[in-house]
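Undergrad: Got a structure for you, questions after.
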Amino acid sequence: MSSVFGSVHILAMIAIQLLLTHSVSSLNLTNAYLHHKCSNTQGKYKQGSAFEKNLNLVLSTITSIGNFRDGFRYTEEGEDPNNVFVMFQCRGDSYWSKCPPCISTAVSGLRRRCPRNKGAIIWYDQCLLKISSVASFNKIDYENDFYLSNPNNMSDRGLFNKETSALLEKLAYKASDRNNLDGKQLVLYAAGEKRIGTKKVYAMVQCTKDLIFTKCFECLEGILRKFPQCCDGKRGGRVFGTSCNFRYELYPFLRNYSNSTMRAPY
């Protein structure tokens with residue numbers, strides 16, 4: 001199946017992982033760019049068009065009054081054929097004050113990398129932003145994904161693969177549990193850690209909050225099947241989709257691993 005956002009040169013993305021620092025504090029503060037895709041099929045809008053005006057309105061709105069408590073927003077503006085749909089999702093430990101800087105950076109980055117594209121996605125370390133002329137609420141995006149992995153291998157690859165996959169699967173069940181709530185809202189996020197031999201693995205999974213819990217699990221189940229291609233024996237790895245993602249490392253990269261949902265203390 002061909003992707004509407006073009007082919008992904010996955011191996012080229014591995015180098016990006018090497019550029020990211022392993023410092024917990026710096027990871028928490030950075031909005032490191034990871035990847036982007038510009039739509040090849042949705043076309044481009046003209047300067048001064050109704051689509052551009054709708055897009056500008058939505059983007060200015062989400063950066064000023066976005067739902068930063070929950071780290072997510074899906075909104076639309078305009079009428080067909082000038083409908084604009086915009087979604088952002090911040091990483092599960094990057095809500096509240098940590099979310100706005102990443103979204104602002106993503107808006108600027110998307111405008112620069114995909115100028116006048118009606119459809120585009122951009123991923124940063126702590127958030128993703130998607131614009132489209134096509135509605136996608138509660139629909140799993142199976143087309144647009146990529147992965148990053150550490151080039152170094154574990155010595156006991158078989159055991160490491162088995163135990164890391166088991167941890168990620170456990171987190172997928174937790175994230176998509178209908179009882180995993182923040183108030184009345186599904187969390188759709190989980191993080192945890194596990195000792196494997198002499199090493200400790202830190203991991204997280206997350207879905208965008210437009211999905212219902214069953215679709216969240218379906219999405220995570222799908223990207224976890226990509227573990228062999230992405231992460232076979234690797235000391236760290238991530239698979240990113242538009243609708244869900246997972247990550248594991250041999251160092252802590254989140255602020256907290258004790259709770260499925262992590263809030264800033266203010």
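Just so it is clear, glycine is given a Cβ too, placed from its N, Cα and C backbone atoms.
According to Swiss-Prot, the domain 'Gnk2-homologous 1' annotation covers 33-136, on the basis of sequence analysis. The annotation domain 'Gnk2-homologous 2' is assigned in Swiss-Prot to 142-253 on the grounds of sequence analysis. Residues annotated as signal peptide in Swiss-Prot, with sequence analysis given as evidence: 1-26.
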Undergrad: For the domain 'Gnk2-homologous 1' (33-136), provide the mean pLDDT of the predicted model.
TA: 93
Undergrad: List the helix, strand and coil residue totals of the domain 'Gnk2-homologous 2' (142-253) as derived from DSSP.
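TA: Breakdown, helix to coil: 36 helix, 39 strand, 37 coil.
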